[in-house]
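J.: Reproduced below are the annotations present in Swiss-Prot:
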BINDING   CYS50, CYS56, CYS59, CYS96  [2Fe-2S] cluster binding site
DOMAIN    12-115  domain '2Fe-2S ferredoxin-type'
Amino acid sequence: MDMFSAPDRIPEQIRIFFKTMKQVVPAKAVCGSTVLDVAHKNGVDLEGACEGNLACSTCHVILEEPLYRKLGEPSDKEYDLIDQAFGATGTSRLGCQLRVDKSFENAVFTVPRATKNMAVDGFKPKPH
């Protein structure tokens, strides 16, 4: 890059919050990343057993009503997985399916107190 080229664009960051049973965790979120990735990068215990491949419900989060309405309907596959999630509500979504944008600024994502991981051996994968 020469001195007259445009500088590389810095990804826009916003702030979101994760509400767990013990605390509310502020998190820096890069627009375009998934809520699951943001949770992992900020030390929030949101499982993501399938590593974001829409094959489980362990990254289930509960959204506030205004944000849920703004996002539009989940896919049929996501709906099916939400039906299997522990403590699912009318505003539940999967963190791996939510791409952060500016409309998420200051949003609160509630992390349920448990997940249903269908693994029978007790294995809990580490965040990637």
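In case you wondered, yes, glycine gets a Cβ from its N, Cα and C as well.
How buried are these features, and what lies next to them?
T.: Counting every protein chain shown, the Cβ of CYS59 ([2Fe-2S] cluster binding site) has 29 other Cβ atoms within 10 Å. CYS59 ([2Fe-2S] cluster binding site) falls within neither a helix nor a strand when secondary structure is assigned with DSSP, and so counts as coil.
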J.: Would you list, in sequence order, the residues of this chain other than CYS50, CYS56, CYS59, CYS96 that have their CB within 8 A of the centroid of the site's CB atoms, where the site is the one recorded for [2Fe-2S] cluster?
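T.: Nearby residues not in the site list: LEU36, GLU47, GLY48, ALA49, GLU51, GLY52, ASN53, LEU54, ALA55, SER57, THR58, LEU81, LEU94, GLY95.
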J.: Please give the average pLDDT for the domain '2Fe-2S ferredoxin-type' (12-115) in this predicted model.
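T.: Its mean pLDDT is 95.
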J.: What is the one among the binding-site residues CYS50, CYS56, CYS96 whose Cβ has the most other Cβ atoms less than or equal to 10 Å away?
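T.: Output for this query is CYS96.
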